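TrEMBL annotations:
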DOMAIN    41-289  domain 'G-protein coupled receptors family 1 profile'
TRANSMEM  25-48  transmembrane segment
TRANSMEM  60-81  transmembrane segment
TRANSMEM  101-120  transmembrane segment
TRANSMEM  140-164  transmembrane segment
TRANSMEM  199-225  transmembrane segment
TRANSMEM  237-259  transmembrane segment
TRANSMEM  271-291  transmembrane segment
Amino acid sequence: MKRTNFTGVREFVFQGFSNFQEYQLTLFVVFFALYLLTLAGNVIIVTIIRIDHHLHTPMYFFLSVLSTSETFYSLVIIPRMLGSLVGLSQTISLEDCGTQLFFFLGFAITNCLLLAVMGYDRYVAICNPLRYTIIMNWRVCTILASSVCATGFFFSLIQAVSIFRLPFCNSLIEHFFCDVRPILDLACEVPVVNDILTLVLSLLAITAPATFLFVSYVLIISTILKIASAEGRKKTFATCASHLTVVVIHYGCASIAYFKPKSENTRDQDQLISVTYTVITPLLNPVVYSLRNKEVQDALRKVMGRKSLS
């Protein structure tokens, strides 16, 4: 078969938020403020869980892992995006783009799988409370967290290698970071196998854990409804409310981003969705868990009380 001639691209240029040229300074201030809140919130969550012995439970162990992952997830995308908004270079080498995509997908998939593991933890705690400490012992928790991280970065590596083995005929990325679809759009030709691989990995990273969470919460809610007292039902459901809120928003954004038909894509819509899951979603984790979780609030008050007395 005769191959089409192409010029190898070794550097990409982000188009960024050029459609909002007059608002770039405003966007920088807003995104920078949200970024600082995200970093501060996640660091506070991890620190409180580490300090307060009452929070040394599997649920909060997984929450601290999630907060750590969300922090690095933000670091991969937002600093470069902020730099482009204030006029710094919008170019990125092929190697750096591949690295950014690898770490972005690695932490993103890890977060999805961690939420599923946290759902399993809540299922065991509510549906099988007498065996909870046996099933969710620290060895199991460590293995689950390690396996989730390894799986996330394994999937990410497969996706990144499959994309960056392709020849690229265009260097303009119509986006503000190296994401799957914008990079594939620059390839001279995308083999069917790449589309199939992207779909399979999306199903494994998003649909499979989302389905698992749905089944888990059906069983959890059915168990809660069997509790005799209204106060007991309310208290039990409260332990799941924060996690369920984060799950709905997280998987909702991911599903829209990666399962929306390509024909329906517009650049502004894609950027709005991307801003949601790269800037807004990482902030939801500390905000939701601090506002809706009484144990975290109590631990924070204790820490603040100690500091004010010292």
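Heads up, the Cβ atoms here are built off N, Cα and C, so glycines get one too.
Any TrEMBL annotation is an automated prediction that lacks curation.
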Original post:
Most CB pairs under 8 Å with the transmembrane segment (25-48): which of 60-81, 101-120, 140-164, 271-291?
Top reply: 271-291
Original post:
Where, among 60-81, 101-120, 237-259, 271-291, do we find the most CB pairs under 8 A to the transmembrane segment (199-225)?
Top reply: 101-120
Subject >> Model confidence over the domain 'G-protein coupled receptors family 1 profile' (41-289), averaged pLDDT >> reply: 87
**OP:** Take a look at 60-81, 237-259, 271-291 and tell me which one has the most Cβ pairs under 8 Å to the transmembrane segment (101-120).
**Re:** 60-81
**OP:** With pairs restricted to those 6 or more apart in sequence, evaluate whether the transmembrane segment (60-81) and the transmembrane segment (237-259) have 3+ C-beta pairs under 8 Å.
**Re:** no
Subject >> Remote residues contacting the transmembrane segment (140-164) - C-beta distance under 8 A, at least 6 residues beyond either end >> reply: 58, 61-62, 65, 69, 94, 97-98, 101-114, 117, 180, 183-184, 187, 193-194, 197-198, 201, 204-205
